[in-house]
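Noted in Swiss-Prot for the protein shown:
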{"type": "BINDING", "residues": "ARG50, GLY266, ASP267, THR299", "note": "substrate binding site"}
{"type": "BINDING", "residues": "ASN52, PHE53, SER54, HIS55, ARG92, LYS178", "note": "ATP binding site"}
{"type": "BINDING", "residues": "ASN52, SER54, ASP85, THR86", "note": "K(+) binding site"}
{"type": "BINDING", "residues": "GLU243, ASP267", "note": "Mg(2+) binding site"}
{"type": "SITE", "residues": "LYS241", "note": "site 'Transition state stabilizer'"}
Amino acid sequence: MDSRLARLTTLQTSAGEELRRTSIIGTIGPKTNNPETLVALRKAGLNIVRMNFSHGSYEYHKSVIDNARKSEELYPGRPLAIALDTKGPEIRTGTTTNEVDYPIPPNHEMIFTTDDKYAKACDDKIMYLDYKNITKVISAGRIIYVDDGVLSFEVLQVVDDKTLKVKSLNAGKICSHKGVNLPGTDVDLPALSEKDKADLRFGVENGVHMIFASFIRTAQDVLTIREVLGEDGKDIKIVVKIENQQGVNNFDEILKVTDAVMVARGDLGIEIPAPEVLAVQKKLIAKSNLAGKPVICATQMLESMTYNPRPTRAEVSDVGNAVLDGADCVMLSGETAKGNYPINAVTTMAETALIAEQAIAYLPNYDDIRNCTPKPTSTTETVAASAVAAVFEQKAKAIIVLSTSGTTARLVSKYRPNCPIILVTRNARTARFSHLYRGVFPFVYEKESVSDWTEDVEARLNFGIEQAIEFGILKKGDTYVSIQGFKAGVGHSNTLQVSTA
C-alpha cells in the first residue's frame, strides 16, 4: 500500500512505539525560567528554547540562557538549542494622556498623526503613530488595524505629510503603545531597529544558535542581519519570519538566502485575510521542503492551553495538519511562556505530532520531492537521497550520518525518510541547530580524532549505533544506512553503506 489514501485506511490511532521526528520549540517566560522546569519540558519533548526579545531585559534573557544550560547539566539527554526572536521593526501608537484607554464607537472620525508633539498626548481625537512615512505609502480607502485588529480604521483622507483622517469601523478602545498593521500596504521600515542590532550582538556574545528574524520583507533584510551578526556570528542560523504580504510576495528570493523559515501566522493573519493563511502556510512549507530549508509553523497552535489543561479539538488538528503539511518544527508561545500548563502543552504537542507523522505517505512524498528537485544535484544531496531510497528498499530502522557541518543531515531530512536520522558530530553547535531538521537526532562525539581515518569513522559509527540502541531507535540485528566522508573536512560526504547493528 503506497498511496496516501491506502495508508490512511490502516492508520494506527495511538502513538505506539515510534519516536517523534518533529521538533518542538517552546517560548520561555517567568513560569518556566528555571532549570528544573526546563528539564521537565525537555523530558516532555522540548527541543529548542525561544527567547522573545519583544519583552524582558538582557539580564532576564541571560538567565534563560544560563538556566537552559543548567538544565543540560541536570539532565544530559540530547543537546538543547537556544533561539533569539527579534522584536523587529514595528509601527505603534503613541502614549495617551495619563495612559487612559479611550473608548471608540463605530464610525468615529479622528486624526492619525506622525507629529512628534502628540507622541505623549494622544486621545480619542488625535492618535500618534511612530511610522513617519505612513502618509507616503497609504491612500484613501485603505484599512489600518490597531492592537492586532481589535480596532479597524478606514483612511478617509491623506490630509498632509503628517496627517491622516480616519473613521473607525467597529467599537473598541484605543490605548498606548499598541501595534499597528497596514494590510495590503508596502511599508519601507528598516530590516533592523537599533534595538534589534543590539539584541543580535547580545545573541552573538552569549552563544545563541539561531535568530528568529521578525517581519522579514526582502532578501536584503536577511543579508543585513547576516552582516550585523558578523564573523563571530557566522554559524548562527537565520530563521526568517514571514508575517506580511511583502514577505509572501518576495518569498522565493528570501528563501535563497535564509537558513530556515517560520510561517508566523499571528501577524500574517492580520496582514492578509485570515482564510488565506491556510493556503499561504501550505505554499511556503512546500517551497521550503523542496529547497531543503527547514520550516517552522507557529502561533496559537495550542492557545487555549494557556489557561486550560486540555486543548480544543481544532487546535490538535492544527498541530497535526502542520506536520502533514511538512513542517520540521512546531512552536508554542504563550502556552509555555505564561501558561498554567506548560508541560501539558508540550506533551500534547509531542503526542499529536507523533500520531500525525504516522499518517504521512512517506514513499509518495519522497517521490514528489525527488521528482521536483532540479537536476543535477550535488554529490552530497545525491548520496542523501539515495540513503533514503535505501531505507525504503531495505526497511532500515535508522540512518546514521557522520557530519561536521550538519549539511548532510539536513539533506537527508529533506527527503523525509520514515525512520530517525542519527547525527554524530564533534561540533556541539551543529548538534544543537540540527533540531531544526525533521527527524534528526543529534549526538555529540567528544573523543579526539585519530590519525587513521578509517579507524576514526568506525569509532564514530559505533558511537552512533550505541546511542541509537540506548534511545530505542535500533535493536541488535536491525538494518541501518550510514553516510560518511571519504576524508576529513566539510563537504566530503559521499559514502553510503547498509549494515546491521
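Cβ coordinates come from backbone N, Cα and C, glycine included.
Put simply, ASP85 (K(+) binding site) is 7 Å from ARG50 (substrate binding site) when counted between their Cα atoms.
According to its DSSP assignment, ASP267 (substrate binding site) is helical. Other than the site residues ASN52, SER54, ASP85, THR86, same-chain residues with C-beta atoms no more than 8 angstroms from the centre of those residues' C-beta atoms, the K(+) site, are MET51, PHE53, HIS55, LEU84, LYS87, GLY88, PHE212, SER214.
When the binding-site residues ARG50, HIS55, LYS178 are scored by other C-beta atoms within 10 Å, ARG50 scores highest. Taking CA atoms as the reference points, GLU243 (Mg(2+) binding site) and ASP267 (substrate binding site) are 5 Å apart. For ARG92 (ATP binding site), the Cβ neighbour count at a 10 Å cut-off comes to 16, with all displayed protein chains included. THR299 (substrate binding site) falls outside any helix or strand according to DSSP and counts as coil.
Remark: of the binding-site residues ASN52, SER54, the most isolated position is SER54 (fewest other Cβ atoms within 10 Å of its Cβ).
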